[in-house]
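Student: Once you've had a glance at the structure underneath, I'll fire off some questions.
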């Protein structure tokens, strides 16, 4: 749930802004000067919506719009084709997403979602932003800076596309602006509507598709930076040697004197080598899915270390044979020729540090010394994981593997010099991922043939350009467009409603 202080702060802030605006506009002595001030700075205030518009950037927009006309013609023509394809593709994508969501809702055990994927949840007019990401619900507070910065940059690039394309098509450009809707930032351009209506449908398509096209290009550019980041940062950071710990949460089970610390380099999880963060996640996933590995212990060592203990079964059927007060001993199970269910309470570190990993006794029979494969007897989802982070002593972690994944932050980039920040590559990586996700989502959702989104104008111009000879009456073409927009809006609204339900109700 969204934290109550955040809700109170947002609602209180907007109430204060709207109350101040109302009082100033109702004051006989201050009304004229206040309205002049708003007009001078291009500001407008309405409930949960603050807008700023300026003509300061008009000259720059005109310079961009008149730069290399042939190149811009080709650029925005490609964007027009992309926008039309995206319009049809977005309908297919939303339809598929809706079916998957309905299927997931009807199943008793819903399929796990990819937390990295951003899906439909809330629509913001003008920016067209629709995502299944709600700050404070399934978006960490620490990620808000990335989230809102990526939204703003994606919105600005989107509107720059519209503005430059409009100037290229000889449409008058009145100004550029930024707005805040509740907590979501966005951007807009003010174009002369009469000029837009006078140009041909194909020219209109170049303008209306330019925003979607620029968001797609921004997403591709961000992906390229993310892909080439090891090469870009090579003079300062090296990769492929392990996963560098950048943060350990205070409540993490990896905390402690023999745990992980910022700056540690993890090289192995059990017998799974770790060369980067992807390996870390992959190894933890494998450890979670597979059964607990065992460790080869000689018969003499087993007899020396073990001591008599009472054996009892847990509620899930697993066996415990150590005292609940012990912090260093773990119950191990093993089998011999006479009995396949032997248990021994052993000091975990002494058993593991000098042992090799095994699955059965056969894995331990390579040496002449009689040995057994002893396996930690733990609850079903609990694992004993040996984490190597030289030159420090190995960390022995007992718990669910995903708890370790969620509470430890790592980076694949290791600084070549001590004065270099270990967080810089993480910041660049995270920001690129947000740009890819949010700019891509903005491109897809804005292309949907839906009222108040770019898809509405793309559809209308597309129908005018393609159906004028088939449907002569303009009213009939408008009726066809209206019905398609109605269906597209219903499809988007259904995704939004179900997306909100999936985020908040589950």
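Our numbering is plain: 1 for the first residue shown, then up by one each step along the chain.
Quick reminder: no glycine exception, Cβ is built from N, Cα and C everywhere.
These figures come from a predicted structure and were not determined experimentally.
Feature annotation from TrEMBL assigns transmembrane segment to 72-95, 146-166, 173-192, 212-234, 434-459, 479-503. Under the heading domain 'Peptidase M50', TrEMBL lists 146-486.
Surface or core, plus neighbours and distances: that's what I need for these features.
Tutor: Long-range contacts of the transmembrane segment (173-192) within its own chain (CB-CB distance under 8 A, at least 6 residues past either end) are made by residues 10, 14, 42, 48-55, 57-58, 61-62, 65, 124-127, 129, 135, 148, 151-152, 155-156, 158-160, 162-163, 166-167, 207.
For the transmembrane segment (212-234), the list of distant contacts is 76, 78-80, 82-83, 86, 153-154, 157-158, 160-161, 412-413, 425, 428-429, 432-433, 435-436, 439-440, 442-443, 446-447, 454, 458: same-chain residues at least six beyond its ends, Cβ to Cβ under 8 Å.
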Student: Please report, as numbers and ranges, the same-chain residues at least 6 past the borders of the transmembrane segment (72-95) whose CB is under 8 Å from any CB of it.
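Tutor: Tertiary neighbours of the transmembrane segment (72-95) are 65, 120, 161, 164-165, 168, 202, 205-210, 212-214, 216, 443-445, 447-449, 454-455, 458-459, 462, 488, 491-492, 495.
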